[in-house]
Amino acid sequence: MGHSAAVWDYRAATEITKDWNGIDQVLLRTPRGSSARVSLHGAQVTSWRNEHGEELLFTSSKAIFKAPKAIRGGIPMCFPQFGNCGSLEQHGFARNRMWAIDENPPPLPGNDSSGKSFIDLVLKSSEEDMKCWPHSFEFRLRVSLAADGDLTLISRVRNINGKPFSFSFAYHTYLLVSDISEIRIEGLETLDYLDNLFKKERFTEQGDAITFESEVDRVYLSSPNIIAVLDHEKKRTFVIRKEGLPDVAVWNPWEKKSKSMVDFGDEEYKQMLCVDGAVIEKPVSLKPGEEWTGRLQLSVVPSSFCSDRLGLDRSGL
């Protein structure tokens with residue numbers, strides 16, 4: 001017997017289990033059958049499935065599910081550094097730390113949990129972290145799954161230090177696609193981008209959409225708050241809505257780079273694409289007591305939806 005949304009117990013739809021390594025993970029479910037799985041290792045979303053049980057996020061078949069190695073796939077949290085743009089390990093340390101379930105988080109503005117199954121996680125600076133990044137912080141993350149299957153991640157970083165600090169950040173989102181050569185991204189055309197394949201040189205996007213025929217590793221700047229990733233073969237579109245995340249990192253390693261990564265299959269680049277809501281070019285600066293919020297919402301719609309209906313010409317959510 002099915003549940004109606006009116007009587008569905010969203011708290012009961014949040015289940016804590018253990019993964020292969022005995023690490024706690026949280027399973028979120030909806031009445032229609034969508035689900036998401038979040039590991040306490042790195043607060044990483046490791047699975048997002050639609051109501052038909054189809055996986056929407058890519059995870060490499062060679063991913064290493066063993067701390068302290070970050071899992072190759074899902075949605076790793078890049079904090080307090082994106083990539084190698086600072087002195088820390090690649091993409092910072094948050095994705096390699098054990099997070100805790102936040103039983104009593106400060107309230108979020110608005111009604112962000114109504115009709116959703118969700119979990120709140122928290123990471124606080126440890127003595128180990130302070131050695132390499134000497135700043136006291138609290139990082140709170142809410143992962144929520146709406147009745148329609150939309151996945152939302154809300155990050156809040158608070159400076160509880162006695163002095164200002166700055167950081168870069170990204171939701172390093174591995175989308176599962178049918179064939180990278182059939183994918184196009186709309187919403188980033190005409191933007192400036194930093195090309196990591198050319199020592200972060202600045203270029204301007206010339207195409208009417210972004211398509212893929214070789215390695216891509218770019219950071220698009222001052223981007224709109226709605227981006228669409230169209231999968232021609234599956235006839236579906238990922239819609240990425242974001243707030244507080246001005247940049248978008250786009251990455252596909254292609255053939256040569258894939259073969260050099262031990263936790264990535266040689267041919268797997270064909271089935272994945274990273275499109276990250278991010279803050280990279282101009283890091284976030286927080287004075288003592290200040291808080292930053294970055295919000296990402298992922299939806300999947302049939303590609304028969306045209307760009308006008310997605311509101312790609314609008315800058316807001």
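Counting starts with 1 at the first residue shown.
Just so it is clear, glycine is given a Cβ too, placed from its N, Cα and C backbone atoms.
Features of the protein shown, as given by TrEMBL:
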BINDING   ARG72, GLN90, ARG95  substrate binding site
ARG72 (substrate binding site), number of other Cβ atoms within 10 Å: 22
Neighbour count (Cβ, 10 Å) for ARG95 (substrate binding site): 24
